[in-house]
Amino acid sequence: MKESKKRVLVGMSGGIDSTATCLMLQEQGYEIVGVTMRVWGDEPQDARELAARMGIEHYVADERVPFKDTIVKNFIDEYRQGRTPNPCVMCNPLFKFRMLIEWADKLGCDWIATGHYSRLEERNGHIYIVAGDDDKKDQSYFLWRLGQDVLRRCIFPLGNYTKQTVRDYLHEKGYEAKSKEGESMEVCFIKGDYRDFLREQCPELDAEVGPGWFVSSEGVKLGQHKGFPYYTIGQRKGLEIALGKPAYVLKINPQKNTVMLGDAGQLKAEYMVAEQDNIVDEDELFACPDLAVRIRYRSRPIPCRVKRLEDGHLLVRFLAEASAIAPGQSAVFYEGRRVLGGAFIASQRGIGLVIEQNKDWK
């Protein structure tokens, strides 16, 4: 058997990025083993054919049942609780990277690699995720929940490249058709509107939730909506209500099946509470003078400060304008391009009292 330190398991989707990952690592002298996780939809024929062309071992892991029972179920449950989930953030630690580690151990691979546009950096004994060089493709936001034990076995070959450079590389290597392929920006298990997906997976949802009321911030009923799971904080389009001025979703109350509407100014926040955090070094995070947080994928980093509350939650104070704080989304903390950690945005109910209790925090 070859030296395992040069044997790497690559998560192969059959797409542009995983194909380039395999080729780049081959050029660097690694022995490549490919595994394709079938989690939804058709057989991964592209990945099989690419592996055969590259002359690498290839396996298919049929994970449709556990994927549906964990990631898809969580996605549905979050909307049923009035939250806005990001399934990639859940999938990476609970499913994708966990499965890659298990397969790597089974196949004698010390390393795992994926086509994520991110980098890794070791500093002070810790491994940090660093934003990829292509700002349009950077995926560091989705990786904050990965633990140190996983990161120490990861290789992200595409972190220093732009998407166009990767396409050019594949073209040069003779993979012209692959280099010209398009790519989907959708959630991998949803084609189209997530609301249709919820109805398809939960035929009882409409009857269970039923229509509810749009209300103003004063509690005045403004009109009926189709059910709280079909809305998200900050939403303006698709509300199907005419108020004579732009209206945005401010709050969602699952218990009362109400959706509060208001103007853009009412979406602004000075603080937020976050939970279930994963921080690389807490002392560094809390003392960081240049800390910034992203509260949505592709959103601009917002300068902030963070402190730990007595109940274990994080209190985040924004130092610049922040808007549309959506429970269920991720708050990812950066110093420059380096990820210091992240957390899930919690329910903001009762935040006024939390702010009052921490009014002396500077």
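Cβ atoms are placed via backbone N, Cα and C, with glycine included.
The model shown is predicted, which means the values in this text are computed figures rather than measured ones.
Take the ATP site that Swiss-Prot assigns to G11, M12, S13, G14, G15, I16, D17, S18, M37: the candidate from G115, G125, G132, G147 listed for it is G115. Take the active-site residues C91, C188: by the count of other Cβ atoms within 10 Å of each Cβ, the lowest one is C188.
The shortest Cα-Cα distance between Q329 (site 'Interaction with tRNA') and any of the recorded positions C91, H116, C188 is the one to C91. Taking a C-beta cut-off of under 8 Å and a sequence gap of six or more, H116 (site 'Interaction with tRNA') has these contacts in its own chain: D17, G132, Q139, F142, L143, F156, L158, G159. A 10 Å cutoff on Cβ-Cβ distances gives Q329 (site 'Interaction with tRNA') a total of 24 other Cβ atoms nearby, all chains included. C188 (active site, cysteine persulfide intermediate) is 11 Å away from C91 (active site, nucleophile) when you measure Cα to Cα. The DSSP secondary structure for C91 (active site, nucleophile) is helix.
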